[in-house]
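Copied over from Swiss-Prot:
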type	residues	note
BINDING	H79, E81, H147, D166	Fe cation 1 binding site
BINDING	D83, D166, H227	Fe cation 2 binding site
BINDING	260-264, 342-369	FMN binding site
BINDING	C434, C437, C467, C470	Fe cation 3 binding site
DOMAIN	254-393	domain 'Flavodoxin-like'
DOMAIN	429-480	domain 'Rubredoxin-like'
REGION	30-210	region 'Zinc metallo-hydrolase'
Amino acid sequence: MAIQVKNNIQWVGQRDWEVRDFHGTEYKTLKGSSYNSYLIREEKTVLIDTVDHKFSREFVQNLSAEIDLKTLDYIIINHAEEDHAGALTELMAQIPGTPIYCTENGIDSINGHHHHPEWNFHVVHTGDSLDIGNGKQLIFVETPMLHWPDSMMTYMTGDAVLFSNDAFGQHYCDEHLFNDEVDQNELFEQCQRYYANILTPFSRLVTPKINEILGFNLPVDMIATSHGVVWRDNPTQIVQRYLEWAADYQEDRITIFYDTMSNNTRMMADAMAQGINEVDPRVAVKIFNVARHDKNEILTNVFRSKGVLVGSSTMNNVMMPKVAGLLEEITGLRFHNKKASAFGSYGWNGGAVDRIQTRLMDCGFETTLALKAKWRPDGDTLAVCRQHGRDIARQWALSPSALTVSAPAVTAVQPASEPEVSCADADLGPRMQCSVCLWIYDPALGEPMQDVAPGTCWQEVPDDFLCPECAMGKEVFDPLSSEAK
């Protein structure tokens with residue numbers, strides 16, 4: 001069933017109440033999702049995106065009930081992922097010559113999924129426009145790596161609607177389409193979950209891209225996303241949230257997550273949480289067992305936190321697998337502005353804590369004292385854990401706390417020193433890493449494909465240099481963490 005969005009714009013997407021997994025099984029969609037497709041009927045008839053491939057036949061049937069498919073003048077594909085463009089093969093079988101407008105990378109992605117290089121592709125770039133009649137145009141804005149290289153947004157003049165692709169969306173299914181019609185707590189919870197788990201690696205790109213769009217000085221009366229609600233009531237509120245989340249976001253909270261074999265590590269977590277609360281009752285402390293909790297909720301809480309405590313029993317001299325897996329995800333999400341520490345119990349060798357502490361440094365976190373406990377914690381050991389929590393609360397405080405609590409001295413493990421890595425020639429300075437795709441520029445090697453000779457330090461690399469992997473500019477590069485001084 002089509003739903004009117006504004007004037008001659010209709011939603012012709014698909015709700016998916018049952019979906020519980022996204023990106024394989026990596027993202028739990030506990031509130032379902034929607035695949036938002038939009039039909040514009042001005043002098044020209046335009047379709048923006050399709051739906052997930054599993055709804056292809058249903059989508060084409062429903063669209064055929066709205067219009068004669070042969071009257072469709074243009075198809076706009078903002079993003080080629082299967083939950084956006086999945087119905088293209090079914091649709092194009094009916095109207096094979098219809099022009100498809102997308103980015104250059106979009107053609108590569110669409111062909112990679114659908115294998116139809118003969119389709120009528122038209123490449124668009126930022127600032128390009130398409131006249132759709134009645135004095136209205138579609139203006140295109142490339143948004144590479146938000147969150148795929150092919151991504152773009154489409155703005156419709158006259159109605160002032162921004163078709164924003166994945167940005168500002170959420171995996172959230174509701175019978176209502178607009179943001180002012182749904183539960184606000186649920187909505188913003190899902191917005192933050194979506195940002196933390198999907199867009200955080202690209203936070204460095206969010207603010208400049210938003211500022212670029214705002215720099216066009218175009219009014220935005222509505223933001224039509226690819227998933228979840230359409231923002232019609234104060235649509236810029238979600239833009240403001242994104243600017244906050246992209247700015248090394250943190251709240252006054254600490255997340256503790258762990259896995260345990262005999263509840264010994266859980267006892268340590270509980271005691272440390274008590275100690276934190278004694279010193280600073282204002283801080284929110286959340287504890288999660290990674291074997292029993294939704295990992296995306298844990299990751300969202302880590303994103304929100306000023307600090308994280310990670311615990312594991314030692315098993316075969318390493319950390320437990322679910323903790324290792326979550327730390328690998330955190331490394332990829334590249335959260336910033338976080339403090340961290342490891343803890344855990346052991347029997348005869350406490351290798352898990354040392355490995356966690358090293359992985360926390362790999363995540364880019366500022367690590368502080370780690371804590372080990374042998375066998376099952378007794379009263380004295382739990383007192384040490386509570387004191388450790390108190391020390392953490394003081395060290396990580398966002399604002400000074402007047403409250404002091406005396407307790408037994410703590411026996412703690414100092415964080416392992418980070419190994420120093422140097423370039424082949426120290427005078428060339430550190431290697432530089434792209435914060436988007438993690439490609440590394442080595443001054444000793446240069447980049448011959450862009451005429452950057454071996455032995456060229458980063459300061460002398462031309463300003464128009466682009467990352468060979470993701471085509472982003474110099475501004476997204478940072479010194480390789482192990483070489484930063």
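Backbone N, Cα and C atoms are what each Cβ position is placed from, and that goes for glycine too.
Keep in mind that what you see is a predicted model, and the values were worked out from it rather than measured.
Under the three-state DSSP scheme, C434 (Fe cation 3 binding site) falls in the strand class. Using a 10 Å Cα-Cα cut-off from D166 (Fe cation 1 binding site), none of the binding-site residues among G347, C437, C467 qualify.
Checked against C470 (Fe cation 3 binding site), the binding-site residues H79, D83, A352, Q357 differ in C-alpha distance, with H79 being the nearest. A simple way to gauge crowding: the CB of C467 (Fe cation 3 binding site) has 22 other CB atoms within 10 angstroms, across all the protein chains here. Looking at T367 (FMN binding site) and H79 (Fe cation 1 binding site), their Cα atoms lie 38 Å from each other. Compute the center of the Cβ atoms of D83, D166, H227, which mark the site for Fe cation 2; besides them, the chain residues with Cβ within 8 Å of that center are S33, Y35, N36, H79, E81, H84, N165, G169, H171, T225, S226.
A Cα-Cα distance of 38 Å separates A352 (FMN binding site) from E81 (Fe cation 1 binding site). A mean pLDDT of 96 is what the model gives for the region 'Zinc metallo-hydrolase' (30-210). Note: the Fe cation 3 site is recorded as C434, C437, C467, C470; in the same chain, M145, V436, L438, W439, P468, E469, A471, M472, V476 also have Cβ atoms within 8 Å of that site's Cβ centroid. Cβ neighbours of D362 (FMN binding site) (same chain, under 8 Å, six or more residues apart in sequence): L327, T331.
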